Structure formats: C-alpha cells, structure tokens
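As recorded in Swiss-Prot, the features of this protein are as follows:
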| type | residues | note |
| --- | --- | --- |
| BINDING | Arg65, Tyr207, Lys213, Arg333 | substrate binding site |
| BINDING | Lys213, His232, Asp269 | Mn(2+) binding site |
| BINDING | Lys213, His232, 248-256, Glu297, Arg333, 449-450, Thr455 | ATP binding site |
| MOD_RES | Lys87 | N6-acetyllysine |
| MOD_RES | Lys523 | N6-acetyllysine |
Amino acid sequence: MRVNNGLTPQELEAYGISDVHDIVYNPSYDLLYQEELDPSLTGYERGVLTNLGAVAVDTGIFTGRSPKDKYIVRDDTTRDTFWWADKGKGKNDNKPLSPETWQHLKGLVTKQLSGKRLFVVDAFCGANPDTRLSVRFITEVAWQAHFVKNMFIRPSDEELAGFKPDFIVMNGAKCTNPQWKEQGLNSENFVAFNLTERMQLIGGTWYGGEMKKGMFSMMNYLLPLKGIASMHCSANVGEKGDVAVFFGLSGTGKTTLSTDPKRRLIGDDEHGWDDDGVFNFEGGCYAKTIKLSKEAEPEIYNAIRRDALLENVTVREDGTIDFDDGSKTENTRVSYPIYHIDNIVKPVSKAGHATKVIFLTADAFGVLPPVSRLTADQTQYHFLSGFTAKLAGTERGITEPTPTFSACFGAAFLSLHPTQYAEVLVKRMQAAGAQAYLVNTGWNGTGKRISIKDTRAIIDAILNGSLDNAETFTLPMFNLAIPTELPGVDTKILDPRNTYASPEQWQEKAETLAKLFIDNFDKYTDTPAGAALVAAGPKL
C-alpha cells in the first residue's frame, strides 16, 4: 500500500527505520502550517504564529551550525580525496569517523525515528538536471520538513513519480550519543556523512541549517571532481543577461546585496558554474533577520509571510516581531521559497556565465577599502584567503566580531583541498572573461559599519562598468587598486586612511592585518602555484 501518495514503510526499513505506520510524504504548505501550530506540541517542535503570517520556531541551544560535531566516514571512497582535518597544514572541520562508529550513530538515529509519525520530503539540490542530487529528508519534526521544503528545489508531480534518491538525510534531532567520549568524538551531538552509503545523520542539534549546509558540503565534493565550480555565493542577472556572483561568509551581505530590484535573483547562497553558466543549488533563501527593517531591506521583509519560517526571533504576545532583539542569538533567520522574492530568474534558477565576481569581506580592523579591483593573481590570493570578520552568532560561542580566514569564503563547507576550488573558478573566469573585485562591507576608521547605501552604490558601479573606467590609485602595503571617485559614493570613504584621525593609525592596524594575511597564506606555500601567489598579497 502506498502511503500519502508516495512511500511505503518497507522503503524506510531499507534505511533501518522500522515500525512506521504514518508517513506524511511531501506535505503541502497548508498541512505543515497546521502541523507546526498544533497546540498539543511541546518544546522546540511547536511553532508560534506571527503577525506577518509566517510561523516562528525556536531551534534550542543550537542557534547556528556546530562545526566541531561534523564527521565524515573515512573509507575507500573518501580516504584519498577528502580534505581531512588531520592531514596537511590546512585547518578544517572534516574530522574522520570510523565505519564502526558510523554504524553506532546510524543505529541511534534509526531507533529514534522508528515507530514514529514521520515527515518525508523528496527534493533536488541543484537546478541543473545533469548534476543535481535527488535528496530524501526524513524527520519527525514538522518544521524541519517545512525548512527543507523551503530551501531545496521542489519537484513537480511528474518528477516525484519517478523520484529515486541519490542521498538520504535522517534527522534525529531528539537523540544524542551517550558513548561519544569512548569513541573520541567532540560531544553527544553529531552531524555525520557517509559518501559510500550516500547518507547524512543528525543527532542532538535542531538547527535547520545543518541539513542545508550538509548537502552543500556534498555538492562541494562531487562537482569540482567533474570540473564544475561549486561556490558559496549569491548570484543575480541584469537586463542584458550579465551575471554577477557574490562570494562571502555569513553576514557579509550576500543575500542583501544580491537581492536588488534592478536585477533578477538566481539565488542567495550556493551555486555551481558549469559549461552552460551559473545555477542555483537551492529553491529558497535563508536570510539573516537581525535588525531587519522594511525600509532598508524591503524585498526580504516582504518575503516574510505565510509559508516563510522564522528561527529564533523574539515574538511579542501580540504576534509582532522584535527584529532588533538579539538576546537569543544574533543569528536570527528566515527561510522562504525563492518565489517570495518577486524579481527572480524563472522557471529555473540558472543563467549564463558570470562576468563580475565580487568578494565580500567584513573587515573588523577597518583597514581594507570599501572596493578595489583585483588582478588575476590577487583574485586567487583573496579567494584562497577568504578574509572576513566572523560575525556574531553564526556559529556557537562567537558573539563579538573576530577576524577569520576561511578558504574560498566557505572553508567550513569545503570537502576538497581549497586549491582545487580556486583552479576550477579561475578556469571558469578566464573562459568567461570575468573580472573580480574585493568589497568591504565591514567597518572603517570611524568604528562605524560602511552603510548599505554606500555599498549598494559601489555594487552598482561594478555592475554598470563605471568602476572599470574609473581612475585608480594604489593602497600601499596591500597593493590594491582603488577608484578615486564613484557615482553616489562619499569620496572620503574610498581611501580607508581618510577615516582615521591620522594616517599612522591606519598604518599600525594595516601592519597587524597584513601579518595575519601573510601568516595565514603560509599553508598554501607548499606547492609551486601557492608559493607564486604570495607576491599578490600584502607586503610588510
């Protein structure tokens, strides 16, 4: 007997989940809305209705990803290809897991899900049918099903009829691993992957982003091995078909800056770049909402309506939302299907080749200029450096801005060595004749953050070509080409030295930051190509 138009208990038994009598298969948004607001639910399962029509949920103590609890099974599939945390100079979160410990964790999750009423969502990761992953998500929590329905690409009825999953995600958020110490793991919580079984297991953390970023890590493994760029970036396209991609870590402005009324959105966070052009991995957006206002970010604000899902925001008794309240976390979020943004690429989230590549950084030191034009070598250097300030609350335990270097602007999600991503990106850029820029959305010498208004004007100047035609001067030490003036931008802020009481103050901070860049890049100098790029970085 097929249950709910899709799945039999016998199919779940193949994954180790038994005694399931009620499967809610690919639930509609209306059904999820009813399920989330069910008054009989308790704890983190229960949603709250807000005045904007969206349901808000609380993800518990995990208000961001837990990178220290991420593991990958080390076996014949992955041993010689994965970028391991315990090999080489590079620092990453890809900790090896033995097949035996994997079986134990799998047993914990399948035991948790067995005998329960389960939500099963089948969806695609990747807008290109040739390279997409067909993913099956299994959870006992309605809002987690809602999250993946928002964030991944929703199949048509015809596609569902022939759906065969390439990857299984079993979310056992309610279970933990009591044997973690004996197994040499970080804690009782776990986010584990097995490339041979094509499966992800989640235990202990309720944070929805573990499912989203888990599949991103898998695409980051599979695509570059086929010569396809896999990128932690947003992307949009202009009226003339000109495509721009925006790289950057969480909170640097990827979603905000790519959501532009003058351009159609391809996607806000994860993309591939193949022989046909740039394509989205996702079917939704996951926007930060801290200090969100309708005036500053109208597209995102207006996307928060029925079917959107808010996380960790403060909801007052009357259902209104206090977007300024970061007492729970600075990493408050909303997920929504991409069609909640009016100006999107339809019907499929993909476009042609990118001609503008923008690296977004939030410089906590106030040293880097608001914008600079990069040479080919500087493009590779700054891509591999991936400098930003880690912004409050996107990972557990980080509440103040601290400088960080994250290879390819997404080291946490890289499955291969960073140089492999740089090589693929450079090949794609060269073939398309693309130009790269470094844009600082962070702070300057005044201690204030560069305004969204100024940053938007800078992005406009990049996209309409006026920056390429502008006169430039060179910022010492970092050797960056800075425009002398740009339309709509306060000229005084273009040279970061002007925002300090004295040039010596900038010089002092610049030397500190330059040393951090140089020390960080040392890990790439063990190859001739990496050593050759040192000259493109800052010099003391």
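Yeah, the Cβs are placed from backbone N, Cα and C, and that goes for glycine too.
Mapped onto this structure are the features recorded in Swiss-Prot.
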| residue | record | DSSP class |
| --- | --- | --- |
| Arg65 | substrate binding site | strand |
| His232 | Mn(2+) binding site | strand |
| Gly248 | ATP binding site | coil |
| Lys254 | ATP binding site | helix |
| Asp269 | Mn(2+) binding site | coil |
| Arg333 | substrate binding site | strand |
| Ile450 | ATP binding site | coil |
| Lys523 | N6-acetyllysine | helix |
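Compute the center of the Cβ atoms of Lys213, His232, Asp269, which mark the site for Mn(2+); besides them, the chain residues with Cβ within 8 Å of that center are Lys212, Phe216, Glu270, Gly410, Phe413. The shortest Cα-Cα distance between Lys523 (N6-acetyllysine) and any of the binding-site residues Thr252, Lys254, Thr256, Arg333, Ile450 is the one to Thr252. Look at Lys87 (N6-acetyllysine): DSSP puts it in coil. Under the DSSP three-state reduction, Lys213 (substrate binding site) is assigned to helix.
Sequence-distant contacts of Asp269 (Mn(2+) binding site), defined as residues of its own chain at least six apart whose C-beta falls under 8 angstroms from its C-beta, comprise His232, Cys233, Ser234, Lys254, Thr255, Glu282, Cys285, Tyr286. Comparing Cα positions, Lys213 (substrate binding site) lies closest to Ser250 out of the recorded positions Lys87, Gly248, Ser250, Thr252, Thr256.
Looking at Lys87, Lys523, the modified residues in this record, the fewest other C-beta atoms within 10 angstroms of the C-beta turn up around Lys87. According to DSSP, Tyr207 (substrate binding site) is assigned to coil rather than to any helix or strand. If you draw a 10 Å sphere around the CB of Gly248 (ATP binding site), it holds 27 other CB atoms from the protein chains shown. Comment: substrate site residues Arg65, Tyr207, Lys213, Arg333; largest CA to CA distance 14 Å, whole number. Taking the Cα atom of each, Lys87 (N6-acetyllysine) and Arg333 (substrate binding site) are about 34 angstrom apart.
Tyr207 (substrate binding site) sits 21 Å from Gly248 (ATP binding site), counting Cα to Cα. A straight line from the CA of Arg333 (substrate binding site) to the CA of Ser250 (ATP binding site) spans 11 Å.
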